[in-house]
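Engineer: Provided herewith is a single structure, encoded as structure tokens, for subsequent inquiry.
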Amino acid sequence: MEPLDNPVRGYAWGSRTVLAALQGRPATGRPEAELWMGAHPGSPSAAGGVLLTEVIAGDPAGVLGAGTVARFGERLPFLLKVLAAAEPLSLQAHPTSGQAAEGFAAEEAAGKPRDAPDRNYRDPYHKPELLVAVEPFEALCGFRDPAVTATLLAGLDVAELAPTVAALRGADPGVALREAVTGLMELAEAERSALVKGVVAAARGRSGYELATALGQRYRDDLGVVVALLLNHVTLQPGEAVWMPAGNLHAYLRGTGVEIMAASDNVLRGGLTPKHVDVPELLRVLRFEVLADPVVRPREVAPGLVTWPAPVDDFALYRALPDGSAITLPGDGPRIVFCLRGEVRVDDGAGEVVLAGGQAAFGRAGRAATVAGSGEVYQATIA
């Protein structure tokens, strides 16, 4: 196992204290949103002073395993993060592999710089995500039953909402959602502003509409305030997760979680942000489906070891709670082991590392690994 030095991303919505406390260092006084662990070109980890991207490039098959290279190419296909949100993130969705490859090729052909603020596709990969709460975590995830949403919105008695309510009462839930969301997102700017102001004013002080009030105070003329009301609003308890497949409209609102995803940076935003929003492209990739229960609960694999099943090959996430005796970690592919709290020893036969809270290590393919000590540990590997 090789200890990792992991970069912190300082987005404006990040907590000013959580990541510093996790890593046992003084706070910087600036927002710190995400701790990245992996080999994403945008912010790769380092092992022994060498970027993990360079370690992999030097011997792809030796580091990742021949099977991983055959399936995913000469790259680590997953990215592990700790996400610390003090304020809401943007309303967003991610493309399928086919949509990402097509969009990336089109923007490359158009000569759009990969770091351009209005670029949608910075790489040709999909970006499914799974986030596990480590404290109560508030999120919006997937569309609720449109009939339920119609009743909720009708209760506001806002005239500008009438077309949306009518669309949501359609017989086919998928068609109802598509018509409602498309109708909202294609409103002219003046109509958007009037609608958002009307909804926020009607929601103020009303039980059941606190989300609209809170978002409206922060994003006064942003249509995302209204679109957010069509989504499942959940508060995860520690150990619970949300799964975001391609096309799932979602937004994180507040809390700290461990997040694993395919190693991509493709985001299509729909609101609650000053960043680039591409409504036609977002509507093209959205899946207009009802998500009845967005919460994913842990499944025990072995004593002290759980996982959260996700239907992708790019990654699998496990949590180990060693308490003295050693726990064998699943898989023989490349792995990142992260200690959230406590102190543990991780051994893959080639070397043992001691990890305290906020620290992580990388394990090369072809090696069995165990973790011992006392703490809460997360392993990211391929499925």
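Yeah, the Cβs are placed from backbone N, Cα and C, and that goes for glycine too.
I grabbed these lines from TrEMBL:
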- R269: active site (ACT_SITE)
- Q92, H94, E129, H250: Zn(2+) binding site (BINDING)
- 98-108: compositional bias 'Low complexity' (COMPBIAS)
- 109-122: compositional bias 'Basic and acidic residues' (COMPBIAS)
- 3-144: domain 'Phosphomannose isomerase type I catalytic' (DOMAIN)
- 94-122: region 'Disordered' (REGION)
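Show me how these features fit into the shown structure, please.
Structural biologist: Look at R269 (active site): DSSP puts it in a strand.
When secondary structure is read from DSSP and collapsed to three states, Q92 (Zn(2+) binding site) falls in the strand class.
Beyond its flanks by at least six residues, the compositional bias 'Low complexity' (98-108) meets 119-127, 246, 264, 266, 281, 284-285 of its own chain at Cβ-Cβ distances under 8 Å.
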Engineer: Would you list, in sequence order, the residues of this chain other than Q92, H94, E129, H250 that have their CB within 8 A of the centroid of the site's CB atoms, where the site is the one recorded for Zn(2+)?
Structural biologist: A93, K127, M244, N248, L249, V267
Engineer: Give me the CA-CA distance between Q92 (Zn(2+) binding site) and R269 (active site), in Å, as a whole number.
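Structural biologist: About 4 Å separates the two Cα atoms.
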Engineer: For the C-alpha pair, I'd like the distance in angstrom between E129 (Zn(2+) binding site) and R269 (active site), rounded off.
Structural biologist: 15
Engineer: Can you give me the Cα-Cα distance between H94 (Zn(2+) binding site) and R269 (active site) in Å, rounded to a whole number?
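Structural biologist: That separation, Cα to Cα, works out to 9 Å.
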Engineer: Neighbour count, 10 Å Cβ-Cβ cut-off, for H94 (Zn(2+) binding site): what number do you get?
Structural biologist: 26
Engineer: Cα distance, H250 (Zn(2+) binding site) to R269 (active site), nearest Å?
Structural biologist: 10
